[in-house]
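TrEMBL has this to say about the protein:
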{"type": "DOMAIN", "residues": "40-111", "note": "domain 'Aminoacyl-tRNA synthetase class Ia'"}
{"type": "DOMAIN", "residues": "190-756", "note": "domain 'Aminoacyl-tRNA synthetase class Ia'"}
{"type": "DOMAIN", "residues": "794-922", "note": "domain 'Methionyl/Valyl/Leucyl/Isoleucyl-tRNA synthetase anticodon-binding'"}
{"type": "DOMAIN", "residues": "944-1011", "note": "domain 'Leucine--tRNA ligase RagD-binding'"}
């Protein structure tokens, strides 16, 4: 007989997937509609009579297949939707597809370039790669050939497409960016359907002007915002790609999401006399520099300290350029800084004109004028830590207030020869008191260097600490003690000093990205000053409304709420238009497109009507069931549909059709839950709140946002480059849909990064298969199972199921799916196993076995719907679909006394077993008198205490007397315990400490230690099971006052709730 394949269990479970999907499709299970006006005309109690739930996640971007991280976020809304259905609600889960922006366009453009290099089907790639290999071998292994520049270690876009499973003869089609919008949505629908998604696909759509219906909706939204003066036009600084020729917003970036412009004051330090090496280095550029005044330019965040400049620093090994500003001026800085300046109207044009190249080392020793400095002239000095990636590469030095500057200047003064400088360049340049601070005087940097024992510029850790202290102390506590604004708080003086510098022409406003931003086209982005359309986020009245929305919203975790609050405090103007890419044209200025984070803020409302308008045609090229054409959807029609305007007068859309569309919206809105990765809080999710508060009334504001961390794969970051990567489809094929979903539920519930584990997914396969096999076996022999009244263990199992059901329900309500698995599956199964063991002799009760199978199928239905559907229809032979069934309810309130008794029996059993095992661990070579033999007949005596020892009661009385408002008075407790002589008992203090912990945990009711169950009765009911489980021939249960004299000592250690016991071999 052939050996069963190792994947047999998985394959058996996967067979249920197609069966379940066929059932759902035939019943249109996930097509959810609002009650029609004819069914329910009244809107006032619409949701009371017909409760609803609507959830969604941010639509995925259509430049590839969905990965397991997408699946993790989606699982949150899918599980939630499944649960809410089981609570009797019309639960809607729609799913759209995002195509707006640069990513698709950038990939399509890459393919065009690659086709020009390698041919339509990239047939020349192998030929060029081989030629490159031969050329490198024959000519020089260390010299890279021209062909290698084309075919070297590069991952081409066509190779990425191949990795997505696209045939090489089909890839050329993707050079058309709109083809991506046709190809990937059906792939995504297929992947999500195989995953078990409870999506109403009739409501799906793509974005951009490729979809005329959604295009009309976004145009309405933009016009609406402009009418409300939320969209404005003007100059503003924005992250910009010179290569792309347009703003580079978050979704256009390969890296640097949420990075914004950093505002600096650019300080112009005029060159008075070049150093001799600089003169030599610049001799070749004499003609280019003729007639130009050259300035070293530094970018500072602290213009108020410019009075104290003693020098400026350059990086001796950095490369600098001298760039033309206008006909008479030139700036010395890094090329990176020049690129930024070229786009900020600092230069005469956006063209970057480099007049000269020079390294940092020759510039050292150049005499310059530092604006506002008390010193008429200062020198350029070397500093090893100057970065080319931040600021301009020129650093102005204020040693009175910057610990880094003071430490470096001190080093240079100590060893001028070592640093190749002349002593005259540093002698006499002492720190100048500029700012008076309460804690560190008026020379804060030297003081902090002294306190932190900073001896050199190499003490990086101490300098970082000192820098943070110096900045905060000066900014928040400092008073100016030098210059025009003496006596003014630094916070107030800072903008005034900056304004004075700008007015004098010795400074300019300079911006650059806060950190590196790369566009998807591979360009390092800059900051540009542009005339552009922007959304005025942060406007005072609008911000107040959005904060109110957040206050009313369920964020599920305090971390999510805190992050939203922090973003609302800093978020302001946001460019809403771009020149290139895919999208909707800005209605009043069609040279621009609406950017991808601005056309995706209220589309959840569009979901409500998309089914009637598009009817499942994701690109909107077919008219949907409502019979409305895109051109009929005027602004007045949209206003009426979304209840922000009266019925339109000049429309040819039938009134009944408009009413039907409006009913879908008013029924499903507001959105109940939006699940998303936490990385979208700084942009998309905050814009989502802002736009809802602008356009919709308060009753339609979102009710909940649930954020989650990123998903790791086997405790490592998911990454295509390392191979630690998995798509949703990969996981579904490898483990099956339900095992994948269960492992995702188990991966994590918090905002911390979650972890999908291969071992968990494989264990899920085994667990589901084992429950299935056990259930089939029990159902097949159901008629042989015990019936009649419940015995003690029947009642325990029923009570445990009820208790765990309530805990599972609470977990589902809180969207804590790992918790739902813990109570509804793992602990439920453990309770079943314990019950089955307890029923070894008399057998399990039929009603409880069947209830367990039903409960297990139902509580898992939101997470493992295919498996549950099989259990429901094929194993339990139930009518209808399990996805339409109701979530199970407890058969009775949880019996606390029985619950306590259950734990008591299990704890006692464990204590006896542990004591027996300990007794059997004999020391080697040591003879044992009256050796206990576990496998021979043995008897057990259990002693029950009817009251607590007097010393314990005395201790508890003292504790209770000295407990007020949740706090113990430890001093009084110790005094009174001593006065009553209780401290003489060595057990007293450990007991007191333990009781304090219990009271702190459970509250003052913990002082009442009276048991809520009868110990003797409980043990008597459990006696036969104790015999069977522990293997004792006889078991005697007695109270302390019933025991024989020989057992007195053993019985004395018993306290209520913790019996004592003895056991021995019986006489032959």
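Placement of Cβ uses the backbone N, Cα and C atoms for every residue, glycine included.
Helix, strand and coil counts under DSSP for the domain 'Leucine--tRNA ligase RagD-binding' (944-1011) come to 44 helix, 5 strand, 19 coil. Mapped onto DSSP helix, strand and coil, the domain 'Aminoacyl-tRNA synthetase class Ia' (40-111) counts 33 helix, 13 strand, 26 coil. Mapped onto DSSP classes, the domain 'Methionyl/Valyl/Leucyl/Isoleucyl-tRNA synthetase anticodon-binding' (794-922) shows 96 helix, 1 strand, 32 coil. Looking only at the domain 'Leucine--tRNA ligase RagD-binding' (944-1011), the predicted model's pLDDT averages out at 87.
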